[in-house]
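J.: Per Swiss-Prot, the features are:
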- 1-20: signal peptide (SIGNAL)
- 25-224: domain 'Pentraxin (PTX)' (DOMAIN)
- Asn52: N-linked glycosylation site (CARBOHYD)
- Cys56-Cys115: disulfide bond (DISULFID)
- Asp78, Asn79, Glu156, Gln157, Asp158: Ca(2+) 1 binding site (BINDING)
- Glu156, Asp158, Gln168: Ca(2+) 2 binding site (BINDING)
Amino acid sequence: MDKLLLWMSVFTSLLSEAFAQTDLNQKVFVFPRESETDYVKLIPWLEKPLQNFTLCFRAYSDLSRSQSLFSYSVNSRDNELLIYKDKVGQYSLYIGNSKVTVRGLEEFPSPIHFCTSWESSSGIAEFWVNGKPWVKKGLQKGYTVKSSPSIVLGQEQDTYGGGFDKTQSFVGEIADLYMWDSVLTPENIHSVDRGFPPNPNILDWRALNYEINGYVVIKPRMWDNKSS
């Protein structure tokens, strides 16, 4: 019996290290190297088909090459929802494997606060970088983002949960990631930018379910890019 209890204790400890629910306020995921093995898998609080969403996060990288910032894959589509930084000042949003690209002024290297929202009824996608709105774009009007996703930070999924390419990997720090099943108002976006997110119900940095794979480290956030 003692051996069984000891084994269960060790198993529970190992499991808690691999899979955790944590308040990561004022902390970052550090992706310190280019790789095809280092990533964080996120487990959403709410799993449902999405006809609206808003996603916000902070990121800090000194890479000028393209890199994946947020990868949401389903069995039928690898780029069901993808945020991809093509280069400095240029980002692409993929929904259902279709994409739009948005461009704007951006300091480099410098931390960014990035938000995007999309509504199925109009197909309109909105973008906010460091609290400032960028040009709206339109894609996939009438579409529904599929449920049961594999959500990954640090890599771009070319297959469900895998198919990583180190030349698309993120190198840097990610923090304050939140996701809602609704389109936030401009006032809400500014609240998120100031550090007061209004009750995220899909992904919540303050109560995040995640699994670290490979060389990813949690550290205190030493930078701030709040714009207001």
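Cβ coordinates come from backbone N, Cα and C, glycine included.
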J.: Between Asp78 (Ca(2+) 1 binding site) and Cys56 (disulfide bond), find the distance joining the two CA atoms and give it rounded to the nearest Å.
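T.: Computed Cα spacing between Asp78 (Ca(2+) 1 binding site) and Cys56 (disulfide bond) is 21 Å.
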J.: Gln157 (Ca(2+) 1 binding site) has how many other Cβ neighbours within 10 Å of its own Cβ?
T.: 26
J.: What count of other C-beta atoms do you get within 10 angstroms of the C-beta of Asp158 (Ca(2+) 1 binding site), across all chains shown?
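T.: So the Cβ neighbour count for Asp158 (Ca(2+) 1 binding site) comes to 14.
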J.: Where among the recorded positions Asn52, Asn79, Gln168 do you find the Cβ with the fewest other Cβ atoms within 10 Å?
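T.: Sparsest of the recorded positions Asn52, Asn79, Gln168 by Cβ contacts within 10 Å: Asn52.
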J.: Ranked by the number of other Cβ atoms within 10 Å of their own Cβ, which of the binding-site residues Asp78, Glu156 ranks first?
T.: Glu156
J.: Over all shown protein chains, what is the count of other CB atoms within 10 A of the CB belonging to Cys56 (disulfide bond)?
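T.: I count 24 other Cβ atoms within 10 Å of it.
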J.: Of the recorded positions listed here (Asn52, Cys56, Asn79, Glu156, Gln157), which is spatially closest to Gln168 (Ca(2+) 2 binding site) when Cα positions are compared?
T.: Glu156
J.: Could you state the whole-number distance in Å separating the C-alpha atoms of Asn52 (N-linked glycosylation site) and Asp158 (Ca(2+) 1 binding site)?
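T.: Asn52 (N-linked glycosylation site) and Asp158 (Ca(2+) 1 binding site) have their Cα atoms 24 Å apart.
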J.: Reported as an integer number of Å, what is the Cα distance between Glu156 (Ca(2+) 1 binding site) and Cys115 (disulfide bond)?
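T.: Their Cα atoms are separated by 19 Å.
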J.: List only the single closest residue to Cys115 (disulfide bond), chosen from the binding-site residues Asn79, Gln157, Asp158 by CA-CA distance.
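T.: Closest recorded candidate to Cys115 (disulfide bond) by Cα: Asn79.
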J.: With the Ca(2+) 1 site defined by Asp78, Asn79, Glu156, Gln157, Asp158, which remaining residues of that chain have Cβ atoms positioned within 8 Å of the Cβ centroid?
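T.: Other same-chain residues near the Ca(2+) 1 site: Ser68, Ser71, Ser73, Leu82, Thr159, Gly163.
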J.: Within 8 Å of the Cβ centroid of the Ca(2+) 2 site residues Glu156, Asp158, Gln168, which other residues of the same chain have their Cβ?
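T.: Counting only non-site residues, the set is Ser68, Ser71, Asp78, Gln155, Gln157, Gly163, Phe164, Asp165.
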J.: If you draw a 10 Å sphere around the Cβ of Cys115 (disulfide bond), how many other Cβ atoms fall inside it, taking every protein chain shown into account?
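T.: So the number of other Cβ atoms within 10 Å of Cys115 (disulfide bond) is 23.
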